[in-house]
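As recorded in TrEMBL:
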- 10-19: compositional bias 'Low complexity' (COMPBIAS)
- 88-618: domain 'Major facilitator superfamily (MFS) profile' (DOMAIN)
- 1-65: region 'Disordered' (REGION)
- 88-110: transmembrane segment (TRANSMEM)
- 122-141: transmembrane segment (TRANSMEM)
- 153-169: transmembrane segment (TRANSMEM)
- 175-199: transmembrane segment (TRANSMEM)
- 211-234: transmembrane segment (TRANSMEM)
- 259-278: transmembrane segment (TRANSMEM)
- 425-450: transmembrane segment (TRANSMEM)
- 480-499: transmembrane segment (TRANSMEM)
- 529-552: transmembrane segment (TRANSMEM)
- 564-584: transmembrane segment (TRANSMEM)
- 596-615: transmembrane segment (TRANSMEM)
Amino acid sequence: MTVDEASMISGTSSTNGNNKSDTRESNANVRVHHQRQVSETQEPLASKASSDTNDHDHEDEDRVNKRRQKILSQIMSDIGFGKYQKRILILCGLGWLADNMWMQGVISILPRVQRHFSISNSYIGVLMSSMFIGLMCGALFWGPLSDRLGRKFSFKCTLVISSAFGLISSLSPSFSFLCFGVFGIGFGVGGNMPVDGALFLEFIPKEKQNLLTFLSCFFSVGSIVSAGIAWGILPRYSCPDIVSASDDECDVSSQNRGWRYLLITLGCINLLMVLLRFKLVDLYETPRFLVQNKRQNDAVIVLRKIVRYNETSNGVVINNDLFHRRANTDHSDLELGNTGGPQIAVVPDEVVSPSSESSGSDQGWLDDVDRDRSNQTKRQKIKYILGAIRSIDLRSITLSGSVGFIKQKFFDGIQRLEPLFSPNLFLTTILVWAIWALVSLGFTMFNAFLPKILELHGNNGSSKADSSGPMNTSEVYRDAMIYAASGLPGSIIGTWLVDTFLGRKYSMVLSTFASSGFLFVFSKASSSVAIMISSSAFGLVSALMYAVIYAYTPEVFHAGVRGTGCGVASALSRIAGIIAPLITGPMVEWSLNGTLYTSMGILGVSGICMLLLPIETKGRAA
């Protein structure tokens with residue numbers, strides 16, 4: 001073999017070896033690429049499968065929760081409206097009473113404070129705005145907090161705060177300090193509307209839900225109490241009316257102390273309400289909140305305690321496995337008397353009588369369980385707080401970290417709003433919140449400046465006094481008292497009207513348009529009798545309007561978002577209340593009738609929003 005031939009053979013072998021190596025590398029690359037494609041294909045499928053599983057689990061959880069809530073509604077209907085529910089009605093009513101009592105109180109002292117600290121018409125509205133800022137912050141704080149920690153904690157705190165700040169406000173050395181004190185009052189009572197309404201609604205059977213409208217009677221009573229006390233105190237202990245330039249000489253420190261006496265009196269009344277809340281009844285957490293948060297065993301204990309407190313069993317026995325049913329239970333099993341097991345056993349009263357239940361072993365068992373659970377909860381809270389304090393490293397606290405913490409809490413709050421914008425609730429949420437804001441804006445433009453408007457109304461819309469002269473102080477507070485008293489029949493009428501063929505929705509519409517109409521009549525009134533009648537008519541229909549709004553709002557939101565939905569609605573109404581005094585003060589100086597027409601138009605727009613509401617809550621379980 002020649003050298004050339006050997007080279008050719010060697011080259012051929014080398015080429016073949018290289019080709020085999022390239023082929024192996026190519027095959028390996030193909031396998032890797034194939035595995036990559038398979039992996040990329042499988043990952044989305046696995047992710048989709050996981051997502052589908054999560055969605056399915058979430059749907060099952062929602063279905064089980066709805067079924068448990070329906071079982072609970074049936075049990076609450078069987079328990080009925082007994083002594084415990086009646087006392088809860090009184091306690092929640094006191095919260096609503098305090099809300100409007102303080103509101104009317106601040107409205108009443110507005111002219112007296114204006115003279116005491118020499119505040120102009122353009123800036124006196126800051127006092128009312130401070131109240132509404134506090135109410136807004138209170139609603140945004142206490143409402144969502146009640147959805148997280150329960151209704152009971154928020155319910156007990158609100159009136160304590162308002163009574164403390166009310167007494168502090170009476171000692172105010174300056175207008176700015178008074179604004180701060182009034183803000184604190186608002187922050188306290190700002191939680192009463194969302195928290196008290198939700199708590200009462202979750203303790204009563206669906207057959208008695210119209211009593212939520214009746215609860216607004218306490219709202220009117222609060223206004224009457226405050227206006228009556230103001231009528232008795234302010235004319236006597238305030239600077240005399242200015243008739244001539246010489247009358248402006250008044251020692252405000254000694255002659256204008258009526259507004260301080262009013263705040264002290266209201267603060268003491270508020271403190272009495274706090275004592276009643278702690279002493280009148282042993283308050284439990286609401287069963288609906290407990291079931292919503294998967295605390296079924298606690299809900300069973302609470303239901304048993306309510307039955308025992310009412311001192312009548314109504315033939316109802318609540319078993320331990322009341323809410324423990326399989327997720328795939330057929331929906332038809334939820335009808336009355338067919339809950340898929342011995343959940344509610346109807347037995348003769350002599351078998352399970354209140355006396356035998358309270359003296360039997362179940363009484364002691366319940367008390368022991370509740371006491372042990374309470375002690376355990378307290379120990380856990382103390383342990384958690386001490387652990388949190390020990391874990392704080394002051395050196396690690398930075399500005400960026402604080403900002404990050406605030407951002408995280410903000411986005412957590414935004415996530416709690418997401419269920420309110422689900423397809424089933426989106427339009428309702430938007431309209432309800434708009435209604436609360438518009439009604440508050442239109443109503444507050446008239447109501448917040450009522451004493452001032454009554455003083456000026458004899459001038460036929462001008463803010464300059466004519467020959468007839470404005471009303472004196474006593475007449476102003478007399479008419480304010482009559483106006484406040486006119487709201488009480490409106491609340492009672494509303495309780496009846498919501499269960500007629502009009503329902504909640506059209507009762508709201510009718511009363512809102514009527515409120516707008518009576519404002520127009522008031523603007524045209526010239527005699528003192530016509531002013532009193534038209535303002536009283538407005539007071540009646542506006543109280544009816546608010547009574548239905550207060551009932552409709554917690555009913556339309558389900559238990560999981562009720563506190564948040566009502567809290568945001570209340571907060572938006574407070575924001576409108578902040579704006580209203582700031583624009584009304586200058587408007588009153590410009591044109592009194594212009595102010596009234598603006599208020600009338602805003603109420604008309606809110607009536608249109610009510611017409612667009614897609615849900616009627618009459619007869620629907622909360």
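Using N, Cα and C of the backbone, Cβ positions are placed for all residues, glycine too.
Unlike curated entries, TrEMBL annotations are predicted automatically.
Proximity of the transmembrane segment (596-615) to the transmembrane segment (425-450) is established through 3 or more Cβ-Cβ distances under 8 Å for residue pairs spaced 6 or more apart. Looking at which of 88-110, 153-169, 175-199, 529-552 has the most CB pairs under 8 Å to the transmembrane segment (122-141), the answer is the stretch 175-199. The stretches the transmembrane segment (153-169) and the transmembrane segment (564-584) are not in mutual contact, being linked by fewer than three Cβ pairs under 8 Å (pairs 6 or more apart in sequence). Sequence-distant residue pairs (6 or more apart) of the transmembrane segment (564-584) and the transmembrane segment (88-110) include fewer than 3 whose Cβ atoms are under 8 Å, leaving the two stretches without contact.
Of the candidate ranges 259-278, 425-450, 529-552, 529-552 contributes the most Cβ pairs within a distance under 8 Å of the transmembrane segment (480-499).
Of the Cβ pairs linking the transmembrane segment (88-110) with the transmembrane segment (529-552) and spaced 6 or more residues apart, fewer than 3 are under 8 Å, so the two regions do not touch. Beyond the ends of the transmembrane segment (259-278), by six or more residues, the same chain brings 90-91, 94-95, 97-98, 101-102, 105, 108-109, 112-113, 116, 155-156, 159-160, 162-163, 166-167, 169-171, 225-226, 229-230, 233-234, 237-238 to within a C-beta distance below 8 angstroms of the stretch.
Remote same-chain residues near the transmembrane segment (211-234) are listed as 81, 89, 92-94, 96-105, 108-109, 112, 196-197, 200-201, 204, 258-259, 261-262, 265-266, 269, 473-474, 477-478, 480-481, 483-485, 487-488, 490-492, 494-495, 498, 543, 546-548, 550-551, 554-555 (criterion: CB distance under 8 Å, separation of at least six residues from the stretch ends).
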